[in-house]
Amino acid sequence: MSESKKNPETKYIFVTGGVLSSLGKGITSSSVATLLKHSGFNVGILKIDPYINVDPGTMSPFEHGEVFVTYDGAETDLDIGHYERFLNTNFSSKHNFTTGQVYLSVIERERRGGYLGKTIQVIPHIVDEIKHRVRLAGEGKEFLVVELGGTVGDIEGLPFLEAMREMKHELGLERVISVHVTLIPLIKAAGELKTKPTQHSVQELRRIGITPQIIIARSEKPLPKELKKKLSLGCDVDYDSVIVAEDAPTIYQVPLNFMKEDILTPIARRFNMPKIEPKMEEWNRLVKQILAPKDEVTIAFVGKYLSLKESYKSLIEALTHAGANLDTKVNIKWCDSEEIESSGVEPLRYVDGILVPGGFGERGVKGKMEAIRFARENKIPFLGICLGMQLAMIEFARNVLGIAEANSMEFDPQTPEPIIYLIEDFIDQQGNKQVRTHTSPMGGTMRLGEYECGLKEGSQTKAAYQGESLIKERHRHRYEANPKYRERIEQAGLIVSGESEGLIEALELVDHPWFIGVQFHPEFTSRLQNPNPVILTFIQKSLELKKVDRDS
């Protein structure tokens, strides 16, 4: 390997958003990084969140969407999940930071006397900390794609934009490029696409000292050449640097669309590089199988955050990955667990599989257990994740073992039958002993990150993982299955098929076609080109049993 490959001069691609939020900056960043990776480059990616929370770990799913957990136990923005899924790479805590983390770090350093009595200010101290974290994420990479959350014009984002401006000044034009994602709204009454909001957004960026080199124009329909020329002139970018990003039927189509729009040409030109040519044949094959699959299955998704499906983003994508690799469309039938409580299990009839995901709190729990019982008694393939596994154990204890008061200490701290309990000490990711109680702070006190799990010989869980005896999966939970009840449930047919340092990690029914619960979150390690084995097998078994039922 050449010295330049070992210690490359990192090139920075900053991605900002204008007009409004939720335009797809995360997908844009992931897509650009994917094309560069498939061109043979060593690519890193970073998400900056301007909110003042230290991390999203204690934020409501309705407020923020899903919390994505990295292998090293960081609770991060859901865009980190997109990055991992697109790039088929594990990222760490250094690939996502917030305003809260930046200020906390600066204030703690000031308290230790690290600034030698100086007055601490946004410029230079906060901005310098931001630049330090950006450079840290880019170490050893040929490219670092940096996504700035929020919208240009938000007061919270100003220090980060100043850091971008300073890095361009310090590193030079051949190492920094600015990509601005913006909306071209369609006025349906007139049938017109409007460029004025984009022009105003770019003007706002310029006032801060940043001129974008590439405009990503989000639109419901194709942009006429006249509008591209208008954007090119009004925003002072080359014509071929106006990249049209039409709504796509799947997010995995976006890198292919960007490749057709030739987005890598203006990037190579800015960085004074030869033509960049990605190899996307395998990616293209999988996208075709998403768009035109041979088979289909219907999976009942029994949850309680259904009004904001972003809360289950990684799991939804994991089902897509499994379907793509099986050439099967996964139809998700959304089943509100509270409606099942009040109206019964009728929505679960005629589905091919039942999935109960993770969650927190007692609301909707009875409905989830009714769904689990329905899957168990009717031999429907079932996958329970985190809370879903815990509820499967409680349902089994109540309805098979006859332990009427079986419960979780999360719902009833005084329950006489704590099937699920709060484990008060455990070894964390770094090998340190952690102690937690009901009075511990909510933030950062869960069992987080990647842990090893040993799988039981001859189990369906081990078969799902292609016979692997030891796997690594990610966790995000406070409560554990109580080993005190292990012997009783195993004698009745619900066996422990996975464990880690004495903790129950996976359960399965021995007299059922496919009924598995896992304490970990398999969705966090699923990728389009490398689907998670237990989710892939769940869809595969649902499809196989559907075909058996259809043919019989």
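Placement of Cβ uses the backbone N, Cα and C atoms for every residue, glycine included.
Listed features, source Swiss-Prot:
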- 1-273: region 'Amidoligase domain' (REGION)
- S21, D154, I155, E156, K194, T195, K196, P197, T198, Q199, K230: CTP binding site (BINDING)
- S21, K194, T195, K196, P197, T198, Q199, K230: UTP binding site (BINDING)
- S22, L23, G24, K25, G26, I27, D79: ATP binding site (BINDING)
- D79, E147: Mg(2+) binding site (BINDING)
- 298-548: domain 'Glutamine amidotransferase type-1' (DOMAIN)
- G359, L387, G388, M389, Q390, E410, R478: L-glutamine binding site (BINDING)
- C386: active site, nucleophile (ACT_SITE)
- H521: active site (ACT_SITE)
- E523: active site (ACT_SITE)
Cα distance (Å, whole number) from G26 (ATP binding site) to T195 (UTP binding site): 22
Cβ atoms near Q390 (L-glutamine binding site) (within 10 Å, other residues, all chains): 28
Neighbouring recorded positions, C-alpha within 10 angstroms of H521 (active site) - of S21, K25, D79, C386, Q390: C386
Confidence summary (mean pLDDT) of the domain 'Glutamine amidotransferase type-1' (298-548): 91
Any further residue of that chain within 8 Å (Cβ to the Cβ centroid of S22, L23, G24, K25, G26, I27, D79) of the recorded ATP site: G17, T28, S29, E147, V181
S21, S22, T198, Q199 as binding-site residues, winner by CB count within 10 A: T198
Those binding-site residues, out of I155, T198, G359, that come within 10 angstroms of the residue listed as 'active site, nucleophile' at the Cα: G359
8 Å Cβ shell about G359, L387, G388, M389, Q390, E410, R478 centroid, L-glutamine site members excluded: G358, F360, C386, L391, S408, I420, H477, Y479
Cβ neighbours of H521 (active site) where a neighbour is any other Cβ within 10 Å: 23
L23 (ATP binding site), number of other Cβ atoms within 10 Å: 18
Candidate binding-site residues L23, D79, E147, pick with smallest Cα gap to R478 (L-glutamine binding site): D79
Distant-in-sequence Cβ neighbours of G388 (L-glutamine binding site), under 8 Å, six or more positions away: L355, V356, P357, G358, K368, I372, G517
Among S21, L23, K25, G26, P197, which are recorded as binding-site residues, the nearest neighbour of M389 (L-glutamine binding site) by Cα: G26
Tertiary neighbours of D79 (ATP binding site) (same chain, Cβ under 8 Å, six or more apart): K25, G26, S29, S30, K47, F68, N96, E147, G149
DSSP-derived class (H/G/I helix, E/B strand, else coil) of E410 (L-glutamine binding site): coil
